[in-house]
Amino acid sequence: MRCFFRWTKSFVTAPWSLIFILFTIQYEYGSGKKYGGPCGGRNCSVCQCFPEKGSRGHPGPLGPQGPIGPLGPLGPIGIPGEKGERGDSGSPGPPGEKGDKGPTGVPGFPGVDGVPGHPGPPGPRGKPGVDGYNGSRGDPGYPGERGAPGPGGPPGQPGENGEKGRSVYITGGVKGIQGDRGDPGPPGLPGSRGAQGSPGPMGHAGAPGLAGPIGHPGSPGLKGNPATGLKGQRGEPGEVGQRGPPGPTLLVQPPDLSIYKGEKGVKGMPGMIGPPGPPGRKGAPGVGIKGEKGIPGFPGPRGEPGSHGPPGFPGFKGIQGAAGEPGLFGFLGPKGDLGDRGYPGPPGILLTPAPPLKGVPGDPGPPGYYGEIGDVGLPGPPGPPGRPGETCPGMMGPPGPPGVPGPPGFPGEAGVPGRLDCAPGKPGKPGLPGLPGAPGPEGPPGSDVIYCRPGCPGPMGEKGKVGPPGRRGAKGAKGNKGLCTCPPGPMGPPGPPGPPGRQGSKGDLGLPGWHGEKGDPGQPGAEGPPGPPGRPGAMGPPGHKGEKGDMVISRVKGQKGERGLDGPPGFPGPHGQDGGDGRPGERGDPGPRGDHKDAAPGERGLPGLPGPPGRTGPEGPPGLGFPGPPGQRGLPGEPGRPGTRGFDGTKGQKGDSILCNVSYPGKPGLPGLDGPPGLKGFPGPPGAPGMRCPDGQKGQRGKPGMSGIPGPPGFRGDMGDPGIKGEKGTSPIGPPGPPGSPGKDGQKGIPGDPAFGDPGPPGERGLPGAPGMKGQKGHPGCPGAGGPPGIPGSPGLKGPKGREGSRGFPGIPGSPGHSCERGAPGIPGQPGLPGTPGDPGAPGWKGQPGDMGPSGPAGMKGLPGLPGLPGADGLRGPPGIPGPNGEDGLPGLPGLKGLPGLPGFPGFPGERGKPGPDGEPGRKGEVGEKGWPGLKGDLGERGAKGDRGLPGDAGEAVTSRKGEPGDAGPPGDGGFSGERGDKGSSGMRGGRGDPGRDGLPGLHRGQPGIDGPPGPPGPPGPPGSPGLRGVIGFPGFPGDQGDPGSPGPPGFPGDDGARGPKGYKGDPASQCGPPGPKGEPGSPGYQGRTGVPGEKGFPGDEGPRGPPGRPGQPGSFGPPGCPGDPGMPGLKGHPGEVGDPGPRGDAGDFGRPGPAGVKGPLGSPGLNGLHGLKGEKGTKGASGLLEMGPPGPMGMPGQKGEKGDPGSPGISPPGLPGEKGFPGPPGRPGPPGPAGAPGRAAKGDIPDPGPPGDRGPPGPDGPRGVPGPPGSPGNVDLLKGDPGDCGLPGPPGSRGPPGPPGCQGPPGCDGKDGQKGPMGLPGLPGPPGLPGAPGEKGLPGPPGRKGPVGPPGCRGEPGPPADVDSCPRIPGLPGVPGPRGPEGAMGEPGRRGLPGPGCKGEPGPDGRRGQDGIPGSPGPPGRKGDTGEAGCPGAPGPPGPTGDPGPKGFGPGSLSGFLLVLHSQTDQEPACPVGMPRLWTGYSLLYMEGQEKAHNQDLGLAGSCLPVFSTLPFAYCNIHQVCHYAQRNDRSYWLSSAAPLPMMPLSEEEIRSYISRCAVCEAPAQAVAVHSQDQSIPPCPRTWRSLWIGYSFLMHTGAGDQGGGQALMSPGSCLEDFRAAPFVECQGRQGTCHFFANEYSFWLTTVNPDLQFASGPSPDTLKEVQAQRRKISRCQVCMKHS
């Protein structure tokens, strides 16, 4: 137990444990990559020296941005995002194209009576009617209204003079106020009758209007007839007027004198007629008595006709009148409807044939003989992919190209000691490997730590291969500011307003302004001066006649007075209008300059527009202030461009070395003591039951087994117990050689003979023998050392017990066992060191069936099933209406296989095949003749370091100078990736390197390459013979899937497909089949197109050695050789002086690119980037060359970046110590030491030196010598030194030419099925397949659309004689022939007529195809055919008058093309009603929802019956030419069957029984639904028949607030069965269907007619089905019955 803990402790604390842990971490983080070679490619034979790590260098400059990486692999499908917000309504789309003509609608119900129309226009003048009888005398009319007063009469005769009035003394009277108007005079006679007015329409009586203003008096009327009335009596005196105002007092003399009356003056001239006065007010009514009624006047002239009165009531039916005269002949009527088909007429007369018209096509002739084999046709379309190929082994392939040189072999055994007295001979050929020696005695115990003296620095090695990528480095320092080539950003917001500007200088005078608008009126002006006297006015109108003045007594006539004084000034007049604007004045003089001493600053102006961006200013000084807190981490930047190569780093510090006492093997020692017991091993198979426990006798030693393949070196073990001290070796101890790099594993050696034979002389290398027979199966090798533990696999199924294994070889005798009691079980040990993976075991027996796994995800849609058996022939349908010329049909099924074609042209030589499998080793060949000397071979790979040889003879003391430098060694193995180094300083730009070699093929397949250019077109095939044109058939329904055709010729290469998903692992093959017999040679194929270049193949095996070449030209000087073996150590020299530092070397060239790295694991998805600003469209660049341009010059180094934040601690534990730095340059040589002792001459003059003494303890390290000066160049005369150890690997050579192909190996066994590869390119189209068997006859297609108008038909046969008795014959005049009318549209087909004595019937339906006959020999060419029958007569003449309708035909009419849809609401297809052919069946689609919007289907239209069911029968496409399917939560809703509601969503086959089936039938008329809104079944209208009764289904909603409804006229609104959940929701993306809680169906309810307009309905909840059905309205679907 204690030992165990000690062991565990030593294991955990040993440095190997750290390596072990790191190895597992490396395995974890590196996706399990292993590095070839022991110890992961490191040199384990040297002591591990771990120098301290140097201080961190300055950060290098930021490298240029790397190129954009290749397109990453397609990421995994993301989880569905949350439901997006509802998008804005889209803009209305463009108007769609005009749709097709819809089907004929159902005849509508009669409309409501229209409103009476407007009165029509007056008819033409009628003929004069017959004179009527005199009418009876009418009743007297009502008295008319009072007429208007007549005009004033003429003045009467003058009256007689009255009596003289009395004289009056007037004392200044005034004119009195006008008296009241007198009474009106008597009415005048009526005027003459005016002209007849046009009659007005009869208006409604209006309300009385308001009184209008008094109009101006009219002009006087015409003079009336002279009145004959008598003078009336004088009226009574008027009333006394009011008192007038007092007048001015006139002094009149009193009448003391007598006044004389003057003489009557002369009558004045009549005055001018005054203007008419204003009309007087209406007078009071007169007082006269009403006169008697006058006698009736003469009849007036005939009035104009009145307007149309309202229509009268209908009169009684009159007596039948006498027959009228025959009318005139009318115009020709339009062409009548087509009558029913008449009886067949008598045969027509044979006319002379019209030559140009072509005859009617004849009946099809008998089948012709087989023609000769035609020319090879063009390649057919690509066939379907063929079945997977057989898994038998193929024939032996051609020899592959030579393989890559093998790995270096293991170190050879030590050679035989050379003779001490001979000069060194040529190096011998390598001997056969010796037997393993016996174990030596144990050496002395080693000290814990051995110090090595540091060796001399070796020459600078070549650059090693690029190692695998290192772990991710720490976060780098913050980069310098990048150059911004971004476009300028958007314009910023306006800045703050600037300070007010200084006062500007005075501006120039402006141009004169426009005229201003009219100003407001001014204030009233001051009083103006009096104006000048006006001109005399025009003559005024004459005044009214004055009244007669009173008599004035005047004595004297006065003189004319003088002019009076001016009157007082008048009042100011009104304002005059404003005057017009004046003309602009002349320009004034400039005014004096203003004073701005005390001017206040103006108000702040508006902010100015932003100025253009300024030029970049110089960089400002650093700002003040403390540095702010570090900002949040920014988004990851774009990857930078790859930097140019940096300068080489400075030389590292010298590392410490550990001295290794290398001891060489002594004689074989005694056997060592038993080691401590090992760790507990893995449990072995159960052994056979043991005997009792007495010790057994020691067995005999077994024969040595064959040496196994050495396993990889194990981890370093604990220090062993000290062994027995060995005897002193005989060899003098040489100085330690430089450590060699470990060689790769050599090939397995031939087992030596157990007897110790001397090694024989090596033979010449033989030529490769012919391939040998396959050897027997070899014995199993010894088990290798344990490999690392594999990743635990998933537990397999339990297999049955295996067969008993064969008995193993006897083991090595074990140590004697201890007492036989069984010990207590130990604590479980630590996990053992990893073992190597074992060979794959034989395939196990098939295990027991496992438990059922969880349901997998829904699979892809399966392949179409096998074709069903052909159904029975259906009844023959009625002939369809002739359809239009159909479009080109679908491509036909492949025909029967044709006879084999003629051999094609020889193909171009194919590409080189992939290397074949390794051949079995051949028999040993006989020794060939010696070949010519070959050229100097390439340097071989470095061999493993051999064991130290015995000391050779002392050489002749030839004072040789330093040898030429040795050849460069092969490249070393790639090391582990080191920690990320510190950033180096930036290097100068190197020259462009040579192109690197092709890298090894990557582990993962790269993205598909760009399509290559298309190959040259193949030669054109010979033209095929043209076929006869067939009759275009109706488009059939799609037939069953035919048998697969034979493969077509290769098609054109398709675009590379997207990479398919990884296939499932196939079942292992049971065992290899024997190779099949050799097939017949195929016929040469067509010339293929140039294929897509294949991926680069793996290197093939090494081919046989070619014949020796002719001696070549002598090669150029080789590279200097390796340094020679170290000489004996000289005496220690004096320390030299310190040398000057050497000049700095130039930067080296760029290295070649390393091999492609292993593809890393998928990174986690990055954050979404911000939306970039929209860039401006760039100009199109010139197309670049195909190659990349040379890299640009290196930019100036940027400023040093700011110090970055400290990184978070890394995940990994501290890494391994870095590798030792490169050796420094050699120092100058020290001064020469004193001469050594003279060496022994070859002639034996000097005695042998004594044996060397024991070695003393190592002295302390001396101070480091000063490098000596460089030596002088050696002489060429002297001997060249022995070849030194191989140097470090040289640069990789250029790639050699491919070797010749190797021998063909036997076919290998079938491998297990590989994993499914990526999707291949589509194959080239195969040759045309065999013709398939003819399909079964399809169902009759639906009637096609109405075809175009056909050519004019032949003239019909004469019809039957008309029925003379039914109509009276009125002979008509012959009509004038009308002009030729346009060609009429094709009429509807007539009803089917009576069967006539028919001519030959139409050919019946095609019979089933007979078996192919034997092809006959070609017959002789036929005779020339007879002349065809006469063609049709010419175009028809102009149409005659409309014929009488024909007699009614017999038989059923053709169907009309109306469609009827039936939904069964079960999973059974419904049957069509009798007499209605079924067009198709399908599944009942109710509506679909896409993008959260529903689109409803009317269940009465054929679109609701989809022939194929899918949970998502649609995709959606956008304007970017991209379509998406099953990318959103789109849904479809289907009518459901009566299956019980499921608990879980339905998927796959479960769905079928829940979807209602439907059928589409052709009906003779349109069907409509009628609804009762109560529990009774509503009756169909008269002459309509019932199709089904049901329940009134109104509308439905599903997910969200979306849904639809049924038109109540549509048969879809009458479902035969009522269900609360009549439909099911299918979620397209999941492929499942379910009845969800948010599905609602809406049904018309029953309504009591008495409660139609009553208060609101009473709420109710119905849970029982019968109660629900009683509440739902009933309906019936009816169709017009003709």
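Backbone N, Cα and C define each Cβ position, glycine as well.
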**Request:** Among Cys1367, Cys1561, Cys1580, find the residue that Swiss-Prot gives as the disulfide bond partner of Cys1472.
**Result:** Cys1561
**Message:** With the disulphide bonds as Swiss-Prot has them, who is the partner of Cys1505, out of Cys1517, Cys1523, Cys1558?
**Reply:** Cys1558
**Asked** Considering the candidates Cys1517, Cys1523, Cys1675, Cys1678, which is the cysteine that Swiss-Prot reports in a disulfide bond with Cys1614?
**Response** Cys1675
**Residue among Cys1580, Cys1633 that, according to Swiss-Prot, closes a disulfide with Cys1626** = Cys1633
**Message:** Let me check the 10 A CB neighbour count of Cys1558 (disulfide bond). How many other CB atoms are there?
**Reply:** 26
**Fill in**
Within 10 A of the CB of Cys1580 (disulfide bond), the number of other CB atoms across every chain shown is 18
**Request:** List the Cα distance (Å, whole number) between Cys1517 (disulfide bond) and Cys1505 (disulfide bond).
**Result:** 24
**Request:** Could you list the residues of the same chain, at least six apart in sequence, whose Cβ is under 8 A from the Cβ of Cys1561 (disulfide bond)?
**Result:** Leu1459, Leu1460, Val1461, Leu1462, Cys1472, Pro1473, Met1476, Pro1477, Arg1478, Leu1479
**Complete:** Rounded Cα distance, in Å, between Cys1678 (disulfide bond) and Cys1558 (disulfide bond) is 18
**Prompt:** Average pLDDT across the domain 'Collagen IV NC1' (1457-1682)?
**Reply:** 93
**Complete:** Candidates Cys1472, Cys1505, Cys1633, Cys1675, Cys1678 (disulfide-bonded residues); min other-Cβ count within 10 Å returns Cys1472
**Request:** List only the single closest residue to Cys1523 (disulfide bond), chosen from the recorded positions Asn134, Cys1558, Cys1580, Cys1633, Cys1675 by CA-CA distance.
**Result:** Cys1633
**Request:** By Cβ count within 10 Å, point out the most packed of the disulfide-bonded residues listed: Cys1517, Cys1523, Cys1614, Cys1626.
**Result:** Cys1614
**Asked** Cα distance, Cys1505 (disulfide bond) to Cys1614 (disulfide bond), nearest Å?
**Response** 16
**Request:** Would you mind reading off the Cα separation of Cys1633 (disulfide bond) from Cys1675 (disulfide bond), to the nearest angstrom?
**Result:** 30
**Prompt:** If you draw a 10 Å sphere around the Cβ of Asn134 (N-linked glycosylation site), how many other Cβ atoms fall inside it, taking every protein chain shown into account?
**Reply:** 6
**Request:** State the Cα to Cα distance, in Å, between Cys1626 (disulfide bond) and Cys1675 (disulfide bond), rounded to an integer.
**Result:** 29
